[in-house]
Structures are given as structure tokens and as C-alpha cells.
Amino acid sequence: MAATTNSFLVGSNNTQIPALKPKSSSQSFLHLSKPNTVNFVSKTKPVAVRCVASTTQVQDGVRSGSVGSQERVFNFAAGPATLPENVLLKAQADLYNWRGSGMSVMEMSHRGKEFLSIIQKAESDLRQLLEIPQEYSVLFLQGGATTQFAALPLNLCKSDDTVDFVVTGSWGDKAVKEAKKYCKTNVIWSGKSEKYTKVPSFEELEQTPDAKYLHICANETIHGVEFKDYPVPKNGFLVADMSSNFCSKPVDVSKFGVIYGGAQKNVGPSGVTIVIIRKDLIGNAQDITPVMLDYKIHDENSSLYNTPPCFGIYMCGLVFEDLLEQGGLKEVEKKNQRKADLLYNAIEESNGFFRCPVEKSVRSLMNVPFTLEKSELEAEFIKEAAKEKMVQLKGHRSVGGMRASIYNAMPLAGVEKLVAFMKDFQAKHA
């Protein structure tokens with residue numbers, strides 16, 4: 001029958017969506033002829049659009065189907081990055097009407113009971129995942145880890161305090177440059193001269209005796225360098241940017257004064273920044289600290305001082321729930337180790353056709369940079385991989401080559417397909 005003002009389109013979760021009545025016969029309108037099919041009728045010709053529901057499931061990291069009629073790619077992007085398909089499907093099912101509330105999460109008041117239940121559960125699940133002690137606060141903020149490069153010294157230092165930095169890549173270097181505006185900085189080790197391919201021996205670090213804290217980037221996304229253990233500050237406390245390996249493995253939170261990171265690599269979409277901070281470190285911000293960078297303001301207001309990134313926090317909550325359902329971070333780490341071993345072994349077994357410049361002992365489980373012996377073939381490698389539905393393999397513009405980011409949500413099947421492609425490519429071009 002033709003759609004009228006009393007007609008409804010029925011979604012895959014039986015949600016009724018009112019169909020609009022055209023203002024005149026010259027405008028396009030809708031006919032519902034077959035189940036799940038919408039005919040767009042105009043003066044020219046009808047166009048039928050078939051809406052296909054899918055029950056795609058991912059078991060043991062392997063896809064059992066595709067969403068709708070459009071097969072998904074394997075997305076190796078460094079961030080924003082691939083998200084778990086079951087999380088996306090949950091969000092899709094609730095997008096129009098969240099749990100019978102009559103509204104989308106994107107429409108909720110951040111001070112309403114519905115969103116309060118979302119953010120409180122997200123924090124609770126994250127605390128369970130990382131076994132966060134009660135003497136730590138969890139903040140859901142905005143601005144990315146880059147904003148925290150300023151927020152950290154503003155909240156934790158006086159202008160004449162010194163902060164030590166171990167710089168193992170581009171992000172650690174950026175953190176130093178920003179901190180210089182608000183405190184004294186001392187780079188006690190930098191891997192820049194060796195093109196950021198290693199982590200130093202902690203015994204050789206000459207720390208500043210009265211340093212307020214020691215800052216590291218736990219996993220350098222661009223260069224693929226990851227701390228497998230952490231230095232112990234002689235004075236002060238340890239602060240870590242964990243943007244690209246957050247929730248990829250268990251972490252002893254009590255070893256840190258602050259852990260922070262952007263969500264868009266491992267635990268959600270872009271727009272959410274998570275800060276885990278020891279409570280006794282809150283409340284000492286410099287007078288010049290903007291209100292939106294003051295940890296005390298956000299802590300006292302439970303991350304609701306202003307409108308937070310509501311939908312992003314909701315998505316993070318779904319990811320935390322998913323990680324718990326997988327068995328927690330010990331199980332997640334096992335899966336990540338298996339994927340990384342598969343890819344690194346393929347590189348090592350290529351007899352130099354593929355090369356990873358990073359020292360083996362500190363190679364990242366999350367970001368795998370590699371180059372070709374014949375660099376002139378790299379563009380073709382990226383192009384041909386895209387044809388096989390493996391995308392975002394181009395290395396960061398500052399280093400070139402290729403990079404495969406294999407975060408939690410990258411299924412084993414994606415890495416297996418990439419390794420098979422690498423072997424075929426080598427056979428054709430060796």
C-alpha cells in the first residue's frame with residue numbers, strides 16, 4: 001500500500017519509523033510492496049532498495065558472514081580504527097530507540113538517568129577490566145591524548161618543576177614540546193638518532209633527582225615500539241600515554257600515577273579521551289589551567305562538567321562489555337600475541353623481502369611497521385592489498401613504508417589474509 005501519514009516503516013528490530021506523506025504528487029514517495037523492500041517512486045522510474053538484515057557473528061576472531069549486502073574490509077588503520085563487528089551491530093540495533101527509551105543515545109540529556117546508567121556502567125566495566133584500585137579516578141574527557149600533553153604539567157607541576165621524559169617515538173617527542181610551555185623538561189633518553197627503533201635499558205637512565213614525574217609513551221603508534229616492562233621513577237611517579245595499547249593486555253595500574261589515552265584505537269570511536277589518575281594527584285592545578293583541563297573539575301563532576309561525548313562513551317562501554325565477555329585482558333592479550341607472532345614471523349621468513357626495523361624485544365603487538373626490500377614496489381603493494389579488501393596499510397607520512405595496525409578488534413582472519421597476500425606478492429616480485 002502507499003505510505004500515508006499513518007504508515008510506518010518497520011526496522012530490523014521491529015522499531016516503527018513513521019513514513020512521510022509527500023506534499024504533492026510530483027514529489028517522490030514510498031511504496032511498501034515486499035517485506036524489507038522500499039520502492040522509491042517518482043515521475044521518472046521506480047527504484048527498489050532491498051534492506052537485508054544480517055546476523056553476522058565473529059567467533060575466535062573469524063568472520064562468519066558480512067553485514068547486509070556489502071562485505072566489510074579488513075581495516076588496518078592506526079586510528080580511528082576497526083571496531084568489533086558485534087559492537088557495531090549492537091549499536092545499530094539500539095541507534096533509533098535505545099532500550100525502549102524512545103530516543104537515541106545521541107539525543108539523550110547527559111544529565112538524564114538513561115545516560116547516567118551508560119557512563120556509570122562504562123566506568124564500572126573498565127575498572128573491572130584493568131582492576132583499577134579505588135584510590136584512582138576514571139575520567140572520560142575530550143581533546144585526544146594531545147590535549148593531555150598540556151593538561152598533565154598544568155595539573156601535576158608548578159612552572160619551575162622538572163619532568164623527565166623517555167622519548168621512544170614521535171608522540172613522546174610531541175609530549176615534551178607541549179610540556180615545555182608549562183614546566184621544565186628533561187629528556188633523559190631519546191631514540192631519535194636511531195630512528196626510534198628501541199627502548200633503553202632502564203638502568204642507564206639518569207633521572208633528575210627531584211623530577212615531579214617520569215613520562216613515557218607505552219606504545220608508539222607510528223614507529224611500532226612498545227614497552228614490555230616499565231621504568232620505576234627514583235622520585236615522583238610514572239605517567240604513561242597508552243593510547244594505542246590501552247586494554248590490549250593486563251596492566252598493573254598501581255605502578256602509575258596517571259594513565260591516559262585516546263579511545264579511537266582500541267576501545268571506541270574518536271572523540272573520547274580516558275584518564276586514570278591517582279586521587280591524591282588531583283587538586284593542585286596551576287592558576288593558569290583552563291577549566292576544561294582541570295582534573296579536579298572533571299573529577300568532582302563525574303566527567304559531566306560540560307556535555308561529554310555521549311555516543312562515544314556509550315560505544316566505549318559496549319567495547320568494555322565485549323572485552324569482559326571474551327574473558328578479560330589476559331585472554332585478549334593471548335589473541336593479540338597470536339596475531340602479532342603470525343605477522344612478524346611472515347616478515348622474518350621472507351628472507352629480507354619484507355623488513356621490520358624495530359628491535360625484536362620491543363616490537364609492538366598493536367602496530368607493525370614494515371618496508372619492502374624493493375621500495376619502488378610499496379605503492380603497488382598497498383594498491384593491490386586494497387583490491388583484496390585490506391585497507392589503510394600505508395605507513396605514517398613521517399616514516400613511509402607500510403604499517404599494519406592489528407588492534408583488539410582485528411580478527412585473526414584479517415592477519416591471516418594479509419600474511420597470505422604478502423607471500424603471494426613476494427612470489428610475484430622476488
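The first residue you see is number 1, and the count goes up from there.
Heads up, the Cβ atoms here are built off N, Cα and C, so glycines get one too.
Quick look at what Swiss-Prot annotates:
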type	residues	note
TRANSIT	1-51	transit peptide
MOD_RES	VAL52	N-acetylvaline
BINDING	ARG111	L-glutamate binding site
BINDING	ALA145, THR146, TRP171, THR221, ASP241, GLN264, ASN306, THR307	pyridoxal 5'-phosphate binding site
MOD_RES	LYS265	N6-(pyridoxal phosphate)lysine
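A map of Swiss-Prot features onto the structure.
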| residue | record | CB count, 10 Å |
| --- | --- | --- |
| ARG111 | L-glutamate binding site | 9 |
| ALA145 | pyridoxal 5'-phosphate binding site | 25 |
| THR146 | pyridoxal 5'-phosphate binding site | 16 |
| TRP171 | pyridoxal 5'-phosphate binding site | 21 |
| THR221 | pyridoxal 5'-phosphate binding site | 27 |
| ASP241 | pyridoxal 5'-phosphate binding site | 28 |
| GLN264 | pyridoxal 5'-phosphate binding site | 25 |
| LYS265 | N6-(pyridoxal phosphate)lysine | 30 |
| ASN306 | pyridoxal 5'-phosphate binding site | 12 |
| THR307 | pyridoxal 5'-phosphate binding site | 10 |
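It is 25 Å from the Cα atom of ALA145 (pyridoxal 5'-phosphate binding site) to that of the residue listed as 'L-glutamate binding site'.
When the binding-site residues THR146, ASP241, GLN264, THR307 are ranked by how far their Cα is from the Cα of the residue listed as 'L-glutamate binding site', THR307 comes first. When the alpha carbons of ASP241 (pyridoxal 5'-phosphate binding site) and LYS265 (N6-(pyridoxal phosphate)lysine) are compared, the span between them is 13 angstrom. The two recorded residues, THR221 (pyridoxal 5'-phosphate binding site) and LYS265 (N6-(pyridoxal phosphate)lysine), show a Cα separation of 10 Å. In this structure the alpha carbons, written CA, of LYS265 (N6-(pyridoxal phosphate)lysine) and ASN306 (pyridoxal 5'-phosphate binding site) are 24 Å apart.
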